[in-house]
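Colleague: Dumping the structure here so I can ask a few things about it.
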Amino acid sequence: MSSKYPRSVRCCLPLCALTLEAALTLLFYFFTHYDASLEDQKGLVASYQVGQDLTVMAAIGFGFLTSSFRGHSWSSVAFNLFMLALGVQWAILLDGFLSQFPPGKVVITLFSIRLATMSALSVLISAGAVLGYVNLVQLVVMVLVEVTALGTMRMVISNIFNTDYHMNMMHIYVFAACFGLSVAWCLPKPLAKGTEDKDQTATIPSLSAMLGALFLWMFWPSFNSALLRSPIERKNAVFNTYYAVAVSVVTAISVSSLAHPQGKINMTYMHNAVLAGGVAVATSCHLIPSPWLAMVLGLVAGLISIGGAKCLPGCCNRVLGIHDSSVMHYNFSLLGLLGEIIYIVLLVLDTVGAGNGMVGFQVLVSIGELSLAIVIALTSGLLTGLLLNLKIWKAPHAAKYFDDQVFWKFPHLAVGF
């Protein structure tokens, strides 16, 4: 019988993290330089503001969104920040190396930092499926593999299907959810006997998670419009995302009350349902011609999110063989697929309306992009999950899942192990 005492990462974590940081520093020293061009000052400020919005979404929004677990709130917030900081550095280098041939010095611009932040967001979404089961060393491995897989997927899609930055990045929801669920499928699933309540939410952490959801709700229009080049497309993306998430809020509160026998609102449902519209319109936000369509999508997405939260967890966890505490499947993969379908429909209508006979080709291209993203996500996720199962990472014992005391010093508490 294995010991229930926590496995210390005192030597493993500093050695791994600091060695990696030193390697990244050397890579930045030899292979990068800042953009020396004279950019329009107004454009520079606008670009920085969008990047700032994305950083707030990543650090505060996703950081607090996963902090609702009883006994695991500290780790959720801090580990997300750690993954973000590491992921952005690696994504800047990777995007630079993959985007130029022959290889040369990587030019760092505000746009490249924005792109890297969005790539790192993929890891934060995926990590929701494994937080509580893994330690920081395992998360370091997950960050490196997922950012590499996402960057490779984007490069392949861009070269094969000739898509722009916005389109190949908006596969991020489906990609991140499939990657995270694949990793979770490979990890030990059941909580130890007597510790099943550790992945349940508590009142104060749940309020913190709602704070994260509010930050995401405010800045989601910036995320959906960040990579669009045309001012008209950016404007449409901002407007449509705002309408969609606004309707999602009304739907989430109303349907949550309707679903409870006594008409009470479930805060757990609220965390993700208020964001459902933003995920659903992400791919097609610049193509939606009218506010009412974005509002309908927000309504449908909110219904799917609430319905999934109420009906699917037990069924999906049992069928898929995972323990998806952060409900990744129906909050990102299902809504991401809905968004992809809506994009294909709008693209077909736009192509037919323009008298273009390439409708079938456009549909095949869109389906090909989505299929490739899913295949790469599932394959790389399975490989990552198998890699994280190696004993060298000193994974937490099942009895210490969702337990902050494994990783943090609590001066007012006894050790208790």
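Just so it is clear, glycine is given a Cβ too, placed from its N, Cα and C backbone atoms.
Pulled these features from Swiss-Prot for this protein:
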TRANSMEM  12-32  transmembrane segment
TRANSMEM  44-64  transmembrane segment
TRANSMEM  77-97  transmembrane segment
TRANSMEM  125-145  transmembrane segment
TRANSMEM  172-192  transmembrane segment
TRANSMEM  203-223  transmembrane segment
TRANSMEM  238-258  transmembrane segment
TRANSMEM  265-285  transmembrane segment
TRANSMEM  287-307  transmembrane segment
TRANSMEM  331-351  transmembrane segment
TRANSMEM  358-378  transmembrane segment
Colleague: Is it true that the transmembrane segment (172-192) and the transmembrane segment (358-378) have 3 or more Cβ pairs under 8 Å, skipping pairs fewer than 6 apart in sequence?
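Modeller: The answer is yes, given that the two segments have at least 3 Cβ pairs within the 8 Å cut-off.
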Colleague: State the residues, same chain only, that lie 6 or more residues beyond the ends of the transmembrane segment (77-97) and have a CB under 8 A from a CB inside it; answer 'none' if no residue qualifies.
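Modeller: Sequence-remote neighbours of the transmembrane segment (77-97) are 17, 20, 24, 27-28, 31-32, 58-59, 62-64, 66-67, 103, 106-108, 112-113, 115-117, 119-120, 123-124, 127, 131, 136, 139-140, 142-144, 147-148, 151, 208.
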Colleague: In the same chain, which residue numbers or ranges, 6 or more beyond the ends of the transmembrane segment (238-258), come under 8 angstroms Cβ to Cβ?
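Modeller: Distant Cβ neighbours of the transmembrane segment (238-258) are 217, 220-222, 224-225, 264-266, 269-270, 273-278, 280-282, 285-286, 288, 291, 293-295, 297-299, 301-303, 305-306.
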Colleague: So, does the transmembrane segment (265-285) come close enough to the transmembrane segment (44-64) to give 3+ Cβ pairs below 8 Å, pairs being at least 6 apart in sequence?
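Modeller: Checked: the transmembrane segment (44-64) vs the transmembrane segment (265-285), no contact.
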Colleague: Grab the same-chain neighbours of the transmembrane segment (331-351) for me: Cβ-Cβ under 8 Å, and only residues 6 or more beyond its ends, written as numbers and ranges.
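Modeller: Contacts with the transmembrane segment (331-351): 125, 170-171, 173-174, 176-178, 181, 272, 275-276, 279-284, 287-288, 297, 300-301, 304-305, 308-309, 358-359, 362-363, 366-367, 370.
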